[in-house]
Amino acid sequence: MATPIVLCKIPANPDIAGIGVRIAIYAQNLLCFFPAFWALLDGKVTETELESAETQATTNLVLAFAILISSMVQATTLGLTSYHASIVLSMSWMNNTNAFIYFLLYVQHKSQSISGSGHVVEPTFRAWARHIRCSFLPGTNTGQVNHTSGAESGQFGEPSVQAVGSETGMSTRPSPSAKPESQDGAAPGAPSNEEIGTERQRAGNIVDARTAAKNLVKRYVLPLGSLHLSLMAALGLWLWIDIRGFGNMRDTANDCAAEHALISILGSHIPFASGALRIVSFVIYSLFLVPGLNLLLPIVVFLGFHYCVHGSPPNIMPEAERLWSMYSWRKALIRRVQAFIMRWWSMIPPVLGLLFLLAINLVFIIDIELTLKQNAHLQDPDEAKWGFGQILAILLLFMPLRDLAEALLARKMQKEMNLGLEGAVNQKQWDAVLAFVARGADPNIDMR
């Protein structure tokens, strides 16, 4: 099909749509999936693997903030075309998947049953709603902490007030100097039951707030992802309010994009000025505008994967009579398949989630490239020139590559320490066992 002749041009912006910037963003997002899939190969997600995923996701989110904030600043100062703002938004959707990769691994880590550890959160909406509320929102445990059983408190990974109080040096019991209550009544000067309850509640609130603050600092990937979603949604709403007047570019550039540019969505080319596209974009970006709340929909989707495969794995073994009449090779094959299902059943939810996120990344990559190709006749030839921004983006790609190398090295060292711990246990060298555990060996490894 012949390309129509268009006299107007969209000014070049190689720092956003240049090949170097695009390669860097595509690569850093796809690299996040390698350690994530690798972490699931052994059937569990260790604390070391979770920290490696957190480091890599944080690095990518920081780089994602850079391109998003610089685009917003450019839109208010030098000017940014609405066409390039739409490219930034597509890249930002890809960058947000880093936080959700970490969330999938975190859910698997907290949901897996490990011998000797009571900190297990069932992969259900109710359990995770309570876990998030108790872990990150101070004051939500008030009045309930002392009534939580040991198994229940361990389920959500939070110690009781008494345990944390002894750990932090704050007493949650009445002072020993207080005079005991007599049989006939309270002794003069002794605190009443209401005062004791108030003191315990105050101490519990302090501990609860400190625990929530520590969890927020330790698990800062999700708050970063939420903030990035909010900034992206703000840019999206700003763009779709008026695509012709966006970005301090009230000239022919935005008019050219509105009248002639086509946006690729799931492979379909849609006019940039489409009214339906504007309404749908408004709705989507409004859903993701409020920090914290913008994580609810993705969290529900990913917990839905766990909900769909909850319970025991399916049994494909036929009845004894039918099994007896089968050929030996067929019986062996069925047994192997059943053993495979039994072993990897708990890994299906995070694998499905990762495949879903990978598909989203690939769809955005294809749509961005199709959009640029379809509108090549509208873009200034300087779009392909290499400058400071593109070279810097390629150089910054070494940061996620470094994180990936560190994750692979940490996994190798963890495996060696676990093997050393297993050998020390088999040889009953208890001093060596303590040394390996102190160096980071997993004390919950399977010794069979």
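Cβ atoms are placed via backbone N, Cα and C, with glycine included.
Keep in mind that TrEMBL annotations are predicted by a computer and have not been checked by a curator.
TrEMBL annotations:
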COMPBIAS  143-152  compositional bias 'Polar residues'
COMPBIAS  163-175  compositional bias 'Polar residues'
REGION    143-203  region 'Disordered'
TRANSMEM  23-41  transmembrane segment
TRANSMEM  61-81  transmembrane segment
TRANSMEM  220-241  transmembrane segment
TRANSMEM  282-309  transmembrane segment
TRANSMEM  344-366  transmembrane segment
TRANSMEM  386-405  transmembrane segment
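220-241 is the stretch from 23-41, 220-241, 282-309, 344-366, 386-405 with the greatest number of Cβ pairs below 8 Å to the transmembrane segment (61-81). Within the chain, the transmembrane segment (344-366) has long-range Cβ neighbours (under 8 A, six or more residues past its boundaries) at 26, 29-30, 33, 36-37, 40, 43, 45, 90-91, 93-94, 97, 100-101, 104-105, 107-108, 111-112, 123, 264, 266-267, 302, 305-306, 308-309, 313. The transmembrane segment (23-41) makes contact with the transmembrane segment (386-405): 3 or more of their CB pairs lie within 8 A, with pairs spaced 6 or more apart in sequence.
The transmembrane segment (282-309) is not in contact with the transmembrane segment (386-405), judged by fewer than 3 CB-CB distances under 8 Å for residue pairs 6 or more apart in sequence. Through the fold, the transmembrane segment (220-241) approaches residues 54, 57-58, 61, 64-65, 68-69, 71-72, 75, 82, 85-86, 88-89, 92-93, 95-96, 98-100, 102-103, 278, 281-282, 284-292, 294-295 of its own chain, all at least 6 residues removed from its boundaries and within a Cβ separation under 8 Å.
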